[in-house]
Amino acid sequence: MGYDRLGPSGPSNPNQKDPATSLPELQKKTKTKLILFTLAVLVVGVVCFGIFAGIRAVDSGKTEPKLTRKPTQAISRTCSKSLYPNLCIDTLLDFPGSLTADENELIHISFNATLQKFSKALYTSSTITYTQMPPRVRSAYDSCLELLDDSVDALTRALSSVVVVSGDESHSDVMTWLSSAMTNHDTCTDGFDEIEGQGGEVKDQVIGAVKDLSEMVSNCLAIFAGKVKDLSGVPVVNNRKLLGTEETEELPNWLKREDRELLGTPTSAIQADITVSKDGSGTFKTIAEAIKKAPEHSSRRFVIYVKAGRYEEENLKVGRKKTNLMFIGDGKGKTVITGGKSIADDLTTFHTATFAATGAGFIVRDMTFENYAGPAKHQAVALRVGGDHAVVYRCNIIGYQDALYVHSNRQFFRECEIYGTVDFIFGNAAVILQSCNIYARKPMAQQKITITAQNRKDPNQNTGISIHACKLLATPDLEASKGSYPTYLGRPWKLYSRVVYMMSDMGDHIDPRGWLEWNGPFALDSLYYGEYMNKGLGSGIGQRVKWPGYHVITSTVEASKFTVAQFISGSSWLPSTGVSFFSGLSQ
């Protein structure tokens, strides 16, 4: 299909400057990071981080492992749970102390070895930072460095947590961070796949450095989930009570009282730390200046108020170190962050986002995010979110193909309006969209509209898209010609794609088949697509696809697995916008 994610990227711009973010201190920072990881590993009582045993590459479990030592029974039992048992055995045997370790200790060793391999991949990849690269190659390369760095951070937290893991909430954290690390790896390699025929030695070095990383994380997921059986398959994080019919008007317990007050307070009454105003009446005139000024690793909520206006700045980003940032605008359509970058500008999809947020605790309310590149320029992201515990409340996300990138970690969207054409809600976060309006727009000729493209790659990832109590609508231009442009609920980007629509109102622009193939029979057996108690002219299930992975959900117990409380671990952080929300199925 001409509008596939990895299809034509459009003409390149020979006059465009290198879009890469300068990383002059990356190698120094990487060395510092490795030293810090050594201390972290020592703190949790593992073998000194400086003792690194190279992990031999294997054929993903399809060939006999290259062993010089026989695995212990504990290693054999542990690795029997994994999808890549030969790699698992080799990884554990290569790590000092594994031959005397019990199964619980082997989980820790597996995490540690995987962290070391990611750290080594980051360092190896960073050694070519100053190599001259074409713009698209530089974009893919810089994406990989950022994503590998984020993965090292996620795995460090997972390694520290697995030692003291004691309850459902900690289990969910570990699974989330592992899932995020795998997603980051896949996004890195996908970026190089997008630049077909380019990359050369840069691509070879990076892809070589990240070899086996996804499989190693998969093994960590499998052996950890095997120990925590509640987390296999569709994760049910909180097993203490069923929340299928429970309704709560409470604000989430993961928020401090001050944060709850901020979320429920009118904009005019909020004392912001920074005010952005185009007319110069605030602290800064640009959002970029405000983000730069915000503290790193903040343990308290830092509030940036962006006054009404149209802000077009160069690919704004809230990085991983900018934690607990809250952006408040003057309302949808009033405070507008806009841009027009696309893959036609020699960028990977990851780098096209008008606004991106990867810092944990990111919250935004009452704003519009827009990418105006248009359907002819293919992938063009308006908003990308990859921060854990992210909340997007009362916002517009407006684009065409790939408008909203729910990249990774746990996210919650409430009362938002999302506009797009092809795969316009995509990614591999564990995300719930609740009480949102989802608008299909008129695409280019011959295109089919697909609302979701979820890219869960591994059956143990606790990720997916849950669309709960939303409205699926057509924009006026599509409404006038909807017979020519079928709209589908989604298509499977990766093998274990998972999307559920629950208690939502579907317009008659939804095709009776409901769902669309990605490429022939790919993933039709392994995906999980579900529908539960939807209504509207487009909700009929009589002509829906007959794929093995498609489910008409009739059980409240099954449906409850995709609610706020269970799917994104409401017992620990219950996403909220500061107004009433429902943690179970009831509205």
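Backbone N, Cα and C atoms are what each Cβ position is placed from, and that goes for glycine too.
For C416, the disulfide partner named by Swiss-Prot among C436, C470 is C436. The distance from the Cα of Q379 (substrate binding site) to the Cα of C436 (disulfide bond) comes to 23 Å.
Every protein chain shown contributes to the tally, and the Cβ of Q379 (substrate binding site) ends up with 31 other Cβ atoms within 10 Å. The local packing around C436 (disulfide bond), expressed as other Cβ atoms within 10 Å of its Cβ over all shown chains, amounts to 25.
Listed recorded positions: T349, Q401; maximum Cβ neighbour count within 10 Å falls on Q401. Proximity of R491 (substrate binding site) to non-local residues of its own chain (separation of 6 or more, Cβ distance below 8 Å) is seen for D423, T450, T452, A453, S497, W515, L516, E517, W518, given in sequence order. Around the Cβ of D402 (active site, proton donor), 29 further Cβ atoms fall within 10 Å across all displayed protein chains. All chains included, 24 other C-beta atoms sit within 10 angstroms of the C-beta of W493 (substrate binding site).
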